[in-house]
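As structure tokens, the structure follows; a few thoughts come after it.
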Amino acid sequence: MSGVCQGKPSSLPTSPSSSPTHGQPLWLLAELTYKCPLQCPYCSNPKDFADFSEELTTQEWIKVFEEGRKLGAVQLGFSGGEPLVRQDLGELIKAARDLGYYTNLITSGVGLNEHKVAEFREAGLDHIQVSFQASDETVNNMLAGSKKAFQQKLKMAREVKAQGYPMVLNFVTHRHNIDQIDRIIELCVELEADYVELATCQYYGWAYENRQQLMPTRAQLERAERITNEYRVKLAAAGNPIKLIFVTPDYYEERPKGCMNGWGQVFLTVTPDGQALPCHSARMLPMEFPNVREHSLDHIWNDSFGFNHFRGYEWMKEPCLSCDEKEKDFGGCRCQAFMMTGDAHNTDPVCSKSPNHDMILQAREEAETPAAEPFLYRNERNSRVFCKG
Ligand code: SF4
Ligand code: SF4
């Protein structure tokens with residue numbers, strides 16, 4: 001399916017601007033489904049996900065995995081939505097392991113049980129990452145839109161550890177939970193986590209709609225980073241090998257992130273209905289991306305317009321085009337540039353050299369005032385509203 005239900009401008013050309021050099025895709029992200037029992041208001045899935053229903057079959061996914069390996073991909077992430085919704089997940093894990101991928105399941109833990117953890121272990125799954133909304137049950141369940149989510153996550157995090165997996169936890173932080181960063185870290189220690197990603201919310205998809213409700217103040221962010229650093233020192237001194245990874249939001253930076261390590265350089269995402277994307281947010285852009293039902297991954301990666309257009313530097317506008325930092329950050333994120341300025345060729349507004357940087361300054365200012373509006377939850381009913389445009 002190529003029709004996306006949001007109205008989009010058609011400002012992009014339809015043939016590649018150049019044939020810049022690129023390597024092989026190393027990471028393949030298989031978004032198995034957009035179905036999910038939770039309703040996180042910061043979900044990065046497309047706002048119009050309810051419009052896409054025809055998921056790839058088991059055999060179609062396995063063909064994608066085979067083609068990905070032939071191209072050189074070595075890591076395979078299973079995500080969604082909630083990938084556990086797919087009844088064939090064990091079969092897909094086994095197929096991926098047989099092909100030689102290092103496999104990673106990214107899950108909310110809802111829908112998991114001890115039998116499934118064992119089944120996935122048997123199938124060869126290497127790594128499970130369980131995501132939490134908060135360290136506090138009430139806040140967690142309020143954000144997840146589910147009264148049972150927190151206890152289930154705790155139980156499954158313990159089960160994952162008990163069955164011999166490295167304990168990898170992910171907390172998306174924002175203004176409603178960032179002040180509890182000490183309690184979040186204490187919970188991770190109690191769960192004997194090996195790696196913890198404390199990732200400040202990035203504003204794409206549903207998170208962009210809820211930005212005013214989610215964005216922390218600079219003071220909140222600085223306090224959280226300071227406390228995380230203090231814990232790092234304290235835990236290391238106590239001989240605890242836990243790794244705390246603190247990801248700051250680019251809205252408080254002066255330069256954008258080197259998005260996806262460069263467009264079409266390392267990452268390849270396949271959506272539930274088979275669209276191939278250079279990053280998981282790119283579906284929002286006003287351009288056609290190829291579908292694995294119609295094209296081989298080889299063609300998609302090497303020859304398609306969607307993957308070639310933003311490779312290299314020729315597509316850039318000023319100030320990026322003549323900037324001596326462009327090899328570091330590639331002009332920032334194309335999706336952020338499009339969301340905020342309406343043109344994906346523009347400099348990412350996060351950059352202080354961007355003529356649109358005032359949008360970021362304004363967002364920082366707005367973060368100082370609590371939002372009056374309630375969250376817009378990520379669910380089918382709200383998605384249908386976006387589908388109507
Ligand atoms: S972010 Fe929340 S709603 Fe979105 S897929 Fe993950 S668990 Fe589901
Ligand atoms: S102007 Fe463009 S290339 Fe230069 S630092 Fe800013 S985003 Fe990066």
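Using the three backbone atoms N, Cα and C, a Cβ is placed for every residue, glycine included.
What TrEMBL records for C36, C40, C43 is [4Fe-4S] cluster binding site. TrEMBL lists 9-20 with the feature compositional bias 'Low complexity'. The annotation domain 'Radical SAM core' is assigned in TrEMBL to 22-237. According to TrEMBL, the feature region 'Disordered' maps to 1-20.
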Three-state secondary structure, which DSSP defines for C36 ([4Fe-4S] cluster binding site): coil
Reduced DSSP assignment, C43 ([4Fe-4S] cluster binding site): coil
Other CB atoms within 10 A, centred on C43 ([4Fe-4S] cluster binding site): 24
Extra residues within 8 Å (Cβ to Cβ centroid of C36, C40, C43), [4Fe-4S] cluster: L38, Q39, Y42, N45, G81, S108, W206, R378
